[in-house]
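Take a look at the structure set out below.
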Amino acid sequence: MTRHNVLPPHVHPSIREVNDVLLGTGGIGYTICYVLMTRQSVRDRTYAMPLFSLAFNFAWEIVFALFVAVEAREVAVFTIWMLIDVGLVYGLVTNGANEWKHAPKVGRNIGKIFTGMLAWWCMVLYAVSIWWLNSQNPVNPKQGKAYKGVEGIDADELGYWTALVAQVVLSGMSLAQIMVRDSSRGSSYAIWTTRFVGSLSGLNMNYGYCWWVWPEAHQYVANPVAVLLMITWVIADLAYLVLLYQLKQLKSVSTNLDDDADLRLAMALSLQQSPEQDARRVGGTVDLTSDTDSEDEDMERAIALSLQEPAKLDSNPTTSTPPLLRREPQAQLPTEHTPASRSPVALGLSGLDRKTMEQERLLRLGKRKREPSPDRPPKQITKSPSPDTASASMDMSSALPASVGSYPRGVLKRTFATKFLRTDDITIEEVLQADTLHIAVISSFMWDSEWLNQKLDPRKVKQVWIMNAKYPDVQKRWRQEMQDCRIPNLEIHFPPMGGQIHSMHSKFMLLFGKESLRIVVPTANMTPIDWGEVKNAWQPGVMENSVFLIDLPRRHERNSNQSEGLTGFGRELVHFLEKLEVDQKVIDGVLKFDFSKTEHLAFVHSIGGTHHGNLDHPTGLPGLAQAVRNLQMGEVNNIQLDYAVSSIGAVNDTLLQRIHLAARGEPFTSSSSAPGIHKHVRIYFPTDETVQQSIGGSDCGGIISLTRQHYSAATFPRDCFRNYDSNRRGMLSHNKLLFARGVKRDGTPFAWVYNGSANISDSAWGGQKVLKSGQMGSLNIRNWECGVLVPVSHERIAGLKISDGEVPPMSVFEGTIEVPFVHPGQPYGEKQPWFFKPG
């Protein structure tokens with residue numbers, strides 16, 4: 001209440017003191033509320049107050065602080081709220097895109113939208129105020145009221161109506177916000193309590209008391225509209241509390257794990273086996289001192305090992321439970337400190353329940369043991385085999401009926417994540433379609449064999465696993481273990497790993513049906529975490545990936561297994577399979593399907609080894625350049641690259657230049673140069689803070705690797721790095737996605753995305769140097785990698801109405817792929833990236 005008011009005789013002067021207490025309580029409550037909201041928005045990487053309400057409240061405080069308020073204490077309170085609101089606005093602008101991934105245009109422009117709303121509300125409230133406080137013709141003047149020395153003007157009623165409308169908007173939209181989010185992020189009991197008490201005291205109780213004591217000057221409080229509005233916001237706030245309580249009780253998705261250390265610890269521990277259940281294993285040794293320019297895969301291997309405790313082998317493998325991340329044989333590498341003859345690692349195929357499978361096998365065979373073949377696993381045996389299944393072999397043409405292909409021209413999708421809203425994602429079950437699948441050829445760097453065999457029953461689906469093991473003794477041990485397990489219909493294969501090759505990192509699936517072949521190229525390993533699954537029903541997913549898949553129909557013409565007429569995609573896929581040295585029957589099976597609808601795609605590979613001169617099938621970065629040219633996206637004038645990776649080696653300007661040239665469709669030569677390369681390339685990799693605050697915390701950052709040694713090098717392009725902040729808040733990323741946007745020399749805009757296994761390193765893309773003679777040296781590739789290049793359609797680009805010479809925005813990828821991270825990403829600034837080994 002304004003101190004200038006002249007109280008009538010029947011109103012006791014204590015009304016002023018009561019007003020001070022009630023308004024003071026409301027002011028303190030809202031001050032604390034705003035501070036808590038700001039903190040919560042930072043913690044949850046979201047915004048706490050709804051967009052429309054924040055603009056309304058901020059404008060109300062601006063107008064009343066600068067124009068309406070007269071007394072110093074009122075001006076001070078409104079000014080404090082204005083300053084605190086800056087924190088709320090910062091949270092909105094920096095994190096707003098996280099809440100608008102369903103409407104990316106809103107997310108990208110949320111700052112502009114807020115600014116427009118704020119300006120509009122300021123104009124509205126200012127107009128209402130000058131109309132209401134007009135000294136010549138004030139609205140609803142009253143005896144005893146005064147404003148700036150003018151009798152009759154009632155600024156208290158102006159404050160009441162504007163504050164009440166703002167309160168109804170805030171309460172209603174806050175209720176809508178928590179319902180839409182279906183999550184408590186951006187909310188807390190403390191925020192609700194301070195806001196509710198502040199509003200109840202400063203609005204309903206304060207003005208209600210004034211009406212009770214001085215009714216003739218406060219009749220508007222008893223107005224039916226006013227009563228309805230006061231009841232409305234109270235009901236909305238109580239409903240909000242009920243929803244908040246239910247969400248807390250249900251442990252719905254919330255990234256604010258810092259407020260609950262026990263929950264954080266439980267989630268991290270849930271990703272590891274308990275000591276009683278863990279199938280203890282002998283720890284392998286990894287040589288991290290090799291003289292390579294990129295240690296990314298060594299690092300990834302070492303990190304995965306670090307998540308498992310070294311212990312003695314369980315003497316009874318039939319009763320053991322495998323660890324969550326079940327590694328390939330490469331887990332134990334012979335080095336000068338580790339003889340090749342040391343004890344094998346108890347992992348991999350031992351993940352299958354040998355005892356159960358052996359009992360079932362003996363039962364099917366009438367308890368007559370059968371000697372396994374040393375060359376391939378036993379064929380599928382059933383109780384009543386049909387002529388087809390009894391004679392089944394690895395011939396791909398004998399597959400069982402499959403469902404009609406769902407993606408005849410290919411599609412890019414995000415992997416499923418438990419507890420997150422499903423958008424354009426896909427589960428491992430939806431990828432495999434196990435009920436109709438008969439033969440599966442799967443390549444992966446990491447494996448959880450027990451989990452995979454729950455998805456694909458080896459007694460029903462013939463499988464070939466292409467695995468990573470460099471040394472022959474490890475490969476031999478694994479083949480022997482497979483035979484000892486007597487796993488039906490499983491064959492494991494190791495590609496050539498001689499010389500400098502040290503990692504089979506490619507990830508793909510060939511899923512054969514009678515009438516269709518599904519080709520899958522994911523960034524995910526064959527582990528449940530990579531496919532968004534978790535152990536506990538209440539726990540959200542922790543790791544996200546992307547996947548390309550396409551369904552090809554069977555060719556029915558004669559000689560359909562010939563390679564004539566293959567598209568570029570088909571030729572490079574077949575060439576890659578040949579270099580992997582898979583069984584010829586696999587290749588023959590692939591050639592029985594029609595690749596004609598892959599003409600708009602490119603299969604890009606990195607074939608391990610040393611490559612000289614011009615190749616018929618360029619690989620590594622030369623292969624990427626060839627793919628760009630083949631798809632008519634070369635002859636580039638300007639190009640921008642956004643590369644999301646999970647593992648980083650010794651990156652320098654030379655590697656960036658080579659990637660940039662390949663993305664332009666140009667070869668790397670002795671005269672190549674790329675001035676200002678840092679302006680054209682952004683690399684998305686999480687900061688230490690992002691990993692620490694993720695759903696799984698630092699315990700789930702094991703396969704995300706960068707060493708401090710590499711990052712601290714003078715040649716490391718630190719200014720190119722951006723924080724990888726997932727649109728699915730709190731998730732970490734194992735993606736390898738290269739987004740390219742540009743303009744050709746003829747002015748035509750274009751865009752494409754690479755989805756595959758290749759991180760940003762010489763190991764993945766191939767190292768190549770200019771020799772002293774001025775000639776180009778050989779291309780040295782240490783990893784087997786593969787991926788798919790998918791262009792954005794001309795129709796999509798034309799629909800953007802891009803100006804001449806303008807590079808398309810990131811929104812160009814809408815409809816081609818759901819970009820999984822916030823862009824443009826935040827530069828690191830003073831923050832540090834996530835390091836494999838801190839310190």
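Just so you know, the numbers here start at 1 and follow the chain as drawn.
The backbone N, Cα and C atoms fix where each Cβ goes, glycine too.
Bear in mind that TrEMBL entries carry predicted annotations, made automatically and left uncurated.
Taken straight from TrEMBL:
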- His734: active site, proton donor/acceptor (ACT_SITE)
- 332-341: compositional bias 'Polar residues' (COMPBIAS)
- Ser761: site 'Interaction with DNA' (SITE)
- 20-37: transmembrane segment (TRANSMEM)
- 49-69: transmembrane segment (TRANSMEM)
- 75-93: transmembrane segment (TRANSMEM)
- 113-133: transmembrane segment (TRANSMEM)
- 158-180: transmembrane segment (TRANSMEM)
- 192-214: transmembrane segment (TRANSMEM)
- 220-245: transmembrane segment (TRANSMEM)
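For the transmembrane segment (158-180), same-chain residues at least 6 beyond its ends with a Cβ under 8 Å from one of its own Cβ atoms are 49-50, 52-53, 56-57, 60, 64, 68, 125, 128-129, 132-133, 139, 186-187, 199, 202-203, 207, 220-221, 226, 229-230, 232-234, 236-237, 239-240, 243-244, 247. Two recorded stretches are said to be in contact when at least 3 C-beta pairs lie under 8 angstroms, sequence spacing 6 or more; the transmembrane segment (192-214) and the transmembrane segment (113-133) fall short of this definition. Outside the transmembrane segment (113-133), and at least 6 residues removed from its termini, the chain residues within Cβ reach (under 8 Å) are 51-52, 54-56, 58-60, 62-63, 67-68, 89, 92-93, 96, 106, 139, 147, 153, 155, 157-158, 162. For His734 (active site, proton donor/acceptor) paired with Ser761 (site 'Interaction with DNA'), the C-alpha to C-alpha distance reads 15 Å.
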